[in-house]
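Novice: Shown below is the structure under consideration.
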């Protein structure tokens, strides 16, 4: 048994020699050339081409096939695949077309080989080897033994031949070229590997007329393999040269918590503490404020002044009061029940009930109330004196992040209303806003109607006549 990794199975028990190239008559299978596989399905090597079971024409059209480190063999990949297929193709509908496409593929091989800066003589010898192998395999098939391929071998299609091989049959010249290359294996190693593959894929040449052609072929291949092995650096025995690990004791990874996790947890804890303290503080302040409002006054302070000496009283002729500007300007809103004007001439109070002016728990003025607030702002702009906007709520507690208590909610509503009113002022600094929560209710908080009355905005004008 041979140690040649490229060698075929030498332990096979059934050998059917074909002396003289005469092949037994077989019933041809269905036309394999009727279907062509796409180029993407091209075999990756010559062995793949043998097993693929596709027509010979597909091998001619196959794309580049990378075979090892030999650029000459890589360039000849499609032609090697074709050699393997021709020996197993029993019929060919158009041998002439196949021959022409094979010639084009050989020219492509020459161009590809020259891109690798291979010597010109080496490329010409490789072309001779490939043409001889293709002619030998094709001409020993039922469809190639007669016809155009038999009368016009592939070597006829090239002007530049191989010197010293004129008039020699390619089946004989192949082995003569092998002997010449073995004399200089260092320079001819790519060619020797190409010849070895051609022998492995079905080329016999002059060995076909020997008594035991396959045995003779095995001897030639074994001898050639020995020559190649002596000049080709052996491959690494191990699949991975660096498979052994580093001799360092194992240190288990620390189960450290990432910094971002710690930071996120800290921020969440701080935020939770802030919300809790704010809610607790507002709850305590609500209690204090309620106690302060409900605390009775023990005794009103009294100011003792000496009675001044008054001059004789003068007769004052009463002057008529000027017309009420606010009541005149806001008469349409008063008639519709949107606002009420309370107080006296010196300090009138405009009361707006919160019937839809603010949503529950919100400090955003509803769009329907914006024109009303602007009308009030226009009327107050014609008056003199500071203006104070007071916000009131009912006694229902609220605990949200934005409004921890009714004080923040009433102040935010007063500021929202003051912002719209102040747009109509020539002197916006006259305007201030303040929240009173549920202080000074004007109705009972025990009923929904009473709580609706208590949720209100009051605008107080301190007139300066």
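For all residues, glycine too, the Cβ spot is worked out from N, Cα and C.
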Novice: Between 1-50, 51-100, I'd like to know which one TrEMBL lists as region 'Disordered'.
Specialist: 1-50
Novice: Against which stretches of its own chain does the region 'Disordered' (432-455) lie, if we need a Cβ under 8 Å and a gap of at least six residues from its ends?
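Specialist: Cβ under 8 Å, 6 or more out: 286, 289, 293, 353-355, 358, 386-396, 405-415, 417-418.
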Novice: By DSSP assignment, list the helix, strand and coil residue numbers for the region 'Disordered' (432-455), in that order.
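Specialist: Per-class counts: 7 helix, 4 strand, 13 coil.
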Novice: Using DSSP, break the domain 'OmpA-like' (345-465) down into helix, strand and coil residues and give each count.
Specialist: 42 helix, 25 strand, 54 coil
